[in-house]
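All remarks here apply to the structure that follows.
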Amino acid sequence: MTRPQRWTTAVLDVEADGGLAVVQGDQGFLLDSNGALFPRSWLRALDLPVQSEHGIGYFDGEPVYLLVLQHSVVVEGCAWQGLRQFMLEGDFAVFQMLGYAAQVATWAREHRFCGACGRATVQIAGERAMYCEHDNLRLYPRISPSMIVLVTRGDEVLLARSPRFVSGMYSALAGFVEPGESAEDCVHREVMEEVQVRIKNLKYMGSQCWPFPHSMMLGFHAQYAGGDIVPQVDEIEDARWFHIDDLPPLPANRSIARYLIEAYLAERSGAPEPVLPG
């Protein structure tokens, strides 16, 4: 029997009473010793600087709402925590919920006004969209498709590090899909741009929402076909082949980047394939 999901998205009526809520400000999400979900009625009594409110889904069967604040404030007995920390430390179902909430919050902040005429927009009831009456324009949450690929050569994997990475960490190659190209075209282009390597036998491995701030990661495995590694200036700090028995520090366990690496290690060793989170 398939275990029911703890978190499911939905567009809920913000005029309804009750439910739970998460609070997002410029310092992350509000939390206390019980977590990031609070009784909605209790939050309303705090008179927080709410910029917008959104009904976002159900967690363990309970309706959940999102309060987007104009700025973070001090709440007695609570603290603020960034989304990445929830991914690294907390319940993955909670991270999925907060990842969705973070993307809704980003969309709500960026589309308070119409990009065509500058007039204020309004939420459309029953739909995840903002609306400009003047231009008859609907504004939906942004999703940015991107690819991530593990390139392999026998018992070696090609890993690279960006100047933005934490010290010492290496990961698979990644990049955003350009208008007019397929995900597969993107993989070939990005690998060539970033390390000047040709690839073959592309295999789709799965996808993962990456809410930093609104990426949809499409994961691939590819085999090395030729070329010497030449890191892209300003984008790739270092790139090299690593033997599977001598790997550097890797991305977080819950990331698709780590999954691609672990899946290949399992394939080479004959171990069971890992499960892609989320």
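Note that Cβ sites are derived from N, Cα and C of the backbone, with glycine treated the same way.
Here the structure is a predicted model, which means the values were calculated and not measured.
Residue environment of P211 (substrate binding site) contains 21 other Cβ atoms, counted within 10 Å of its Cβ in all protein chains. According to its DSSP assignment, P211 (substrate binding site) is coil. Residues or ranges marked as substrate binding site in Swiss-Prot (evidence: sequence analysis): R84, E127, Y140, Q208, C209, W210, P211, F212, P213, H214, S215, A257.
Annotation note: C132 (Zn(2+) binding site) sits in a strand segment as assigned by DSSP. Residues annotated as Zn(2+) binding site in Swiss-Prot, with sequence analysis given as evidence: C114, C117, C132.
As annotated by Swiss-Prot, divalent metal cation 3 binding site applies to E190, E194, E235. Listed in sequence order, S162, E193, E194 are the same-chain residues at least 6 apart in sequence whose CB falls under 8 Å from the CB of E235 (divalent metal cation 3 binding site). The DSSP secondary structure for E235 (divalent metal cation 3 binding site) is coil.
Among residues of the same chain six or more beyond the motif 'Nudix box' (175-196), those with a C-beta under 8 A of the stretch's C-beta atoms are 144-147, 149, 151, 158, 160, 202, 204, 215, 218, 220, 222, 227-232, 235-236, 239. Annotation source Swiss-Prot lists motif 'Nudix box' at 175-196, citing sequence analysis.
For Y140 (substrate binding site), the nearest neighbour among the binding-site residues C117, C132, E190, judged by Cα separation, is C132. Mean model confidence for the motif 'Nudix box' (175-196) is a pLDDT of 98.
When DSSP labels each residue, the motif 'Nudix box' (175-196) comes out as 13 helix, 2 strand, 7 coil, counted as helix, strand and coil in that order.
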